[in-house]
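Structure first, commentary second.
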């Protein structure tokens, strides 16, 4: 792997700090990268890692001049979604194929250092509390006037697709340090958040309970997965939905870590087997993924390192499979969303003691909503409305003070007050809007 490239990365000999010859720290000195196999995918990762926006081009042939004496002899291969070049795959190359005159370069759209923005506290770079870098310090943004137009600019700046929601009220936790922006008023077309109209830097009448957040569309773009031709929904041949088609996964390097992610994504418990060689029969259509290499902690199979979509040297006799311990949805029957436009949005109700009841909105936030959406197979949480946004329920108020981390498999795993202990009424019934509409 390319772990040795994690330490430092720089662009040399460009007209700005966001373009130039790509150099990495290697054995205490700087080394250039070879342009063999160098493409926009690798350039995008470099630009993202350096906070330089999106990649515009990936020139080779020493476009930015010849670099240091040393050159790395391994080639880098990225999907393009990685957060750092060190995460990309590397493979050795013979001495003769890489020499001066073949250095790789990038040209990024560019963000000045003070334009940098990030989303934190949600476990995804494309959703979380908004933080902006100004005057050598990260700070938050107040939610006064915060709306989808502002969120749209953040999502574009981070190359995260479109804005799905713009939650305020510290729903991604309270930041610390300075509150840099207040009364932000973007038109939606700005290239950076700092280009939007707002009060002067650091001038506000806010506290961190008003920290603004963003959920972008890329965060909900995990490719759906299913297990087919097995004895139940939790065992079978792995198929992934991409480009409007279901396709299979090649078994090259397929192992328990990869299977673990599939079982988690499907709420199917733990891994029992990770069979290869089309154990559950050969699939049809495209082979979407090959050389899948999961750490085991990813939320979806499409988040794992792999070759590019559809890039493989396989046939369907190598289709990968999974057998998980569960063969039914764990307790999704005990949870429902009602009074919404579809079954992936609405007032949250839980089944307890042979009766449906509601949840109080005290402390209700996107981490709690994320667990509900995952449990129901409804994708990611887009918003977590309180104050009976989907109407007032009836019957008991079962839960109050729910405080999920966001990684739990079911809502009942989350800390909360004991069943039916609350100081609420149905005006405070909690709701959820998920990204999916299956």
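Placement of Cβ uses the backbone N, Cα and C atoms for every residue, glycine included.
According to TrEMBL, the protein carries these features:
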DISULFID  34-98  disulfide bond
DISULFID  47-108  disulfide bond
DISULFID  78-88  disulfide bond
DISULFID  142-206  disulfide bond
DISULFID  155-216  disulfide bond
DISULFID  186-196  disulfide bond
DISULFID  250-314  disulfide bond
DISULFID  263-324  disulfide bond
DISULFID  294-304  disulfide bond
DISULFID  360-424  disulfide bond
DISULFID  373-434  disulfide bond
DISULFID  404-414  disulfide bond
DOMAIN    9-109  domain 'SRCR'
DOMAIN    117-217  domain 'SRCR'
DOMAIN    225-325  domain 'SRCR'
DOMAIN    335-435  domain 'SRCR'
Rounded Cα-Cα span from residue 78 (disulfide bond) to residue 216 (disulfide bond), Å: 22
Hey, of the disulfide-bonded residues listed (196, 216, 263, 314), which one tops the CB count within 10 A? 216
Which of 34, 47, 78, 304, all disulfide-bonded residues, has a Cβ with the fewest other Cβ atoms inside 10 Å: 304
Quick one: DSSP breakdown of the domain 'SRCR' (9-109) into helix, strand and coil? 16 helix, 34 strand, 51 coil
Secondary structure composition of the domain 'SRCR' (225-325) [DSSP: H/G/I, E/B, coil]: 16 helix, 35 strand, 50 coil
Highest CB neighbour count within 10 A among the disulfide-bonded residues 108, 186, 294? 108
Distance from residue 434 (disulfide bond) back to residue 263 (disulfide bond), taken between C-alpha atoms, in Å: 21
Residues near residue 404 (disulfide bond) by Cβ (under 8 Å) yet at least 6 apart in sequence within the same chain, in sequence order, are 367, 368, 370, 371, 411, 413, 414, 415
Can you give me the average pLDDT across the domain 'SRCR' (335-435), rounded to a whole number? 85
